[in-house]
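Written out below as structure tokens is the structure these notes cover.
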Amino acid sequence: MHAPLQLQEDAVVDPLPYEENDAKALVKYKETSSSGAALRDGGAVDVYARDNIGLLINYASVGFVHGTFPSTIYPFLNMYLNMDGFQIAAASALVALPWSFKMTIGIISDSFPINGYRRKPYILLGWMLCFVFLMAMAILPIQNPYYSPGEIQRTSNSTDRLVLNAHAPDQGNKYIVLMMFASLGYVIADVACDAIVVECAQREEESIRGRTQTTIYTVRYAFQTIASAIVGLGFNGQAYGGSFNWSLSFPNMMALTSIATLCGVTGTLLAFPKEIPAPRVPFRTRLLQMWHLAQSRVIWQLMAFSFFNAFLFDFEAIPSIIVQRDWARVQPLNAAIFTVISLALMTLSLHFTKHHLMQMNWRVLIFITTIAVVALDSTVSFLTIFDIVRNQWFYLGAPVLGNIPQGVRFVVSTYASVEVAEVGFEGTTYGLLTTVSNLAGPFSSSVSKFVDSFFDAYQQDIAKDTLQVRMQVAYTFIIMYTIRLASNFTLILLPRQKKHAQYLRQHGGQSRLAAVIAFSLYVFCLTWSIATNILSIIPSTACWRIAGGDGCGT
């Protein structure tokens, strides 16, 4: 065990390893980081091998749970419970909020080994936590839907529909909170798995480095696709705005999803990569090491890119979910079918990137794909808003192609994380960089709700479908697409390729001020996101501007 670091302010510091194998790997890391060789000893890892397949099983489980929760939001919270667009945005943000704690979870797993192990115990703990909250939702009595079954498809005018349960929107809060805590469980498992993936990826030579990441994300998206398909079929009954005379209930779906958590537990126990026990390091030592790691230019620069690029690209048009329901008349089954196609195309794009785009300039890739996504999506949106083409197949079909460049954007943004992750800090470094990106989503959603609250584009307005309402809705989409295109200005912060990232790691120097700004921004955005999104789902505060409401009758 090493003593706490005593460092000068401007010293260039590498974090200290805390076990012998990590020490050897760190020497190898420094010797080979600019030579094109692997960053760790041991050779490339075969994730399909009998002793390693449990890692893929875990990502399959993560994919299934991660695919289930977002897929239920449209048919259950919007169609079944009739929550408004800004509340749906808040629900999506809150369910995804645990991803904003990846850094904290990474620090804990790196700092507090359980019986000497930093990964497997946390994976098991995460899955069991997720299982408990899934079962809580599975046994919770379900309320009647807002509209009588069949009313949503009978007429597009929401004011003419027969209301069965006027208090249904108020019931959504408890489901959102339970899904949020269930998400925390599988995020804990995911963070520990991510640390192992970084270790495996660093054992690959530069020419193939990134294949492990691409493989595990391909598996994750494949099972996310399966989950979306099941939700689409199961939630296409008349109470959900669909055409089937049968459907799954929300508790049924949660019980089914709980099986995925048990698969994760089984894979972890029976077929998981071997982990060498590591001694415990004092938490204060780990925080001090982490603090100096965050001062490294390559780290804070990547943090800045991850946050601002995601914040701008994730900006939303809050009325979009109501446009989808009332103007495009999208049924849950058809939405799910195209979600499946979207995820399948994203999976193929990851595979294509793995084999053909590994050495291409990262900045160029993201620049091109951002423009492609905006061009495809905006064309369909404006044709639907102004009643030129209002067809659910057109509304869903064209933007689905945007998932090809979207998949490329996603996987490329993860490559740089592997290049700069320090030995012994895999979970913390990877969590640090991905946390700021994940936090940007809920923060962007909260800002989107506030901006769009000044437009008459709520579901009661959209029901009128006048030219004035169409213009109000169009303004929210124009703002969204403009801001998404502006995300390309952040590409100057992204390294061009692996060697550029390694150069910044070795020669970029350090900045205490940048680290202070980065962590201060993190705390502010996290606090803001939690507060504003929770306000959106509390009936007494949902009308506040800051929560995305219309100002409580103003």
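Keep in mind that glycine also has a Cβ here, set from the backbone N, Cα and C atoms.
For reference, TrEMBL has these:
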type     : residues : note
TRANSMEM : 85-101   : transmembrane segment
TRANSMEM : 122-142  : transmembrane segment
TRANSMEM : 175-198  : transmembrane segment
TRANSMEM : 219-241  : transmembrane segment
TRANSMEM : 253-272  : transmembrane segment
TRANSMEM : 293-313  : transmembrane segment
TRANSMEM : 333-352  : transmembrane segment
TRANSMEM : 364-386  : transmembrane segment
TRANSMEM : 473-493  : transmembrane segment
TRANSMEM : 513-531  : transmembrane segment
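Segment contact holds for the transmembrane segment (513-531) and the transmembrane segment (293-313), given three or more CB pairs below 8 angstroms at sequence separation of 6 or more. Two recorded stretches are said to be in contact when at least 3 C-beta pairs lie under 8 angstroms, sequence spacing 6 or more; the transmembrane segment (85-101) and the transmembrane segment (364-386) fall short of this definition.
Of the candidate ranges 219-241, 253-272, 293-313, 364-386, 473-493, 253-272 contributes the most Cβ pairs within a distance under 8 Å of the transmembrane segment (175-198). A contact between the transmembrane segment (253-272) and the transmembrane segment (122-142) is present, since 3 or more of their C-beta pairs, 6 or more residues apart, lie under 8 Å. The stretch with the most CB contacts under 8 Å to the transmembrane segment (293-313), chosen from 122-142, 219-241, 364-386, 473-493, is 473-493. Sequence-remote contacts of a segment are chain residues at least 6 beyond its ends whose Cβ falls under 8 Å from one of its Cβ atoms, and for the transmembrane segment (473-493) they are 301-302, 304-305, 308-309, 312-313, 315-320, 323, 363, 366-367, 370-371, 373-374, 377-378, 381-382, 385-386, 448, 451-452, 455, 457, 462. Within the chain, the transmembrane segment (122-142) has long-range Cβ neighbours (under 8 A, six or more residues past its boundaries) at 58, 61, 65, 105, 108-109, 114, 174-175, 178-179, 181-193, 249-252, 254-255, 257-258, 261-262, 264-265, 268-269, 272.
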